[in-house]
Amino acid sequence: MAHIPDGILSAPVLIGGGVVAAAGVALGLKRLDDRLIPRTAILAAALFAGSLIAVPVGPSSVHLLLSGLMGIMLGTAIFPAVLVALLLQALLFGFGGLTTLGVNTVNIALPGLLAGMALGPSIRSTGSPGLRLLAGALAGLLPVIGTGVLVALALWLSSGDYTPVASVMAVTYLPLAIGEAFVTAAAVAFLARVQPDVMRPVAP
Amino acid sequence: MTLPRDLRLRIVAAFAVVGCLSQLRSLPVAAGALAAVMLLAWLHRSGQPSWRRLLHLEGFLLLLFVTLPFSVAGQPLFSLGPVVASFEGVSRAALIVCKVSASMLVIVTMLREDEPVRLAVALRGLHVPEPAVRLFMLTARYLELIRGEAQRLHDAMRMRGFRPRGNRHTWRSYGNLLGMLLVRALARAQRVEEAMLCRGYDGRFPRVAQPPPAPRDWMGFALILAFGFAVILTDRL
């Protein structure tokens, strides 16, 4: 849903996205202990596999981003994990693009990281299941909205002609945000019951 | 035109060509480039047709094609009720279709690789930082395995009468499926880590030396780069 292909964005937007993504990836790799790389990779693969499931919402079906859950479980390692997932998606399935790797990484990873930093601590420490459900739902909902805003921003900065699309993009993100909120809340509740220590971020 | 056999050169060439294609501004040049790329893809077709991938469009792209003819001002072409489509808008939408399709065809033709591990070795050869390559390699390796696990969990749910619909029960069930997938992935990660430590893993993979690319590969590489630069030069002149 958030994969902008090659051939849409202008060069300054692509370069800017690439620079921010490179900084994020460098930070994530620096904070990540070498010995935790296999764990990070397997978690990223699991979240990637989860995002390939088509979840029905209303008349359509969506593929989840799971960036909020990634932010909670991976911390700053979300940047390299998203970059790797996007590269694999471009190479194996032909979705997304090469020049847009940086922009797409920022669009997905940055909101996920912020949500993980803001909501992760309360999800881990709260004793009330209701509060945890609410925080989990927000961790699903907010990153999707953030990604939608960033995609719209990338389009709007690239060309004024994209403005009508950028302004109605919320409509296409609405089903995803709804599905993501419910599924993430349920997944967070499940993990808190079964294995609460899973939700500590791999890289702070 | 032959594609370089060496994966390192192919990766660099693909990035350069897609970079050139993505910045085209004139419709005739973009259409010509798309035709050339289609010919290349046809010459190097293998197994499954790659055309089907072109049909996959993101929601907002569809929205873009629908609105662009009306949002770009210019010579009126046709009107749909109160809104008027401009000639410039339609050609702008066509330009984007050409650029997106050509770039996607370049990617699937030049970089389709059945074994992602070979891609990881090539990336390491291009001096991509080692931890990033290791992350890529392990994610690629375990993606297929965990996808199979997700499929089995999904099959088990269906066997018990689960039918996905757009309601809260479905979403909660998928949340549980996802949670289970993560718990199992973590248990797997634990086993993998222990197995790797047993075999002397100290946080680094040994580096595999790669032979330098053959002269033929350099030729193909130069031809592809020349194509990319020729296209962007024709476009700008």
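We count from 1, first residue shown onward.
Heads up, the Cβ atoms here are built off N, Cα and C, so glycines get one too.
The model shown is predicted, which means the values in this text are computed figures rather than measured ones.
Using a Cβ-Cβ cut-off under 8 Å and counting only residues 6 or more beyond its ends in the same chain, the transmembrane segment (A:7-29) has close neighbours at 75-81, 83, 97, 99-107, 109-110, 113, 154-155, 157-159, 203. Per TrEMBL, transmembrane segment is recorded for A:7-29 (among others).
For A:41-66 (among others), the entry in TrEMBL reads transmembrane segment.
If you look up TrEMBL, you'll see A:73-95 (among others) marked as transmembrane segment.
Beyond the ends of the transmembrane segment (A:101-121), by six or more residues, the same chain brings 2-4, 9, 13-14, 16-22, 24-25, 65, 67-68, 70-76, 78-79, 81-83, 86-87, 90, 135-136, 138-139, 142-147, 150-151, 154, 199, 201 to within a C-beta distance below 8 angstroms of the stretch. According to TrEMBL, the feature transmembrane segment maps to A:101-121 (among others).
Residues or ranges marked as transmembrane segment in TrEMBL: A:133-158 (among others).
Within the chain carrying the transmembrane segment (A:170-192), a Cβ under 8 angstroms from the stretch's Cβ atoms is held by residues 1, 55, 57-58, 60, 62, 64-66, 68-69, 72, 123, 129, 132-141, 143-145, 147-148, 198-199, all 6 or more beyond its ends. For A:170-192 (among others), the entry in TrEMBL reads transmembrane segment.
Long-range contacts of the transmembrane segment (A:133-158) within the same chain, counting only residues at least 6 positions beyond its ends with a Cβ under 8 Å from a Cβ of the stretch, are 2, 4, 8-10, 12-13, 17, 65, 67-69, 71-72, 103, 106-108, 110-112, 114-116, 119-120, 122-123, 126, 165-167, 169-170, 173, 176-177, 180-189.
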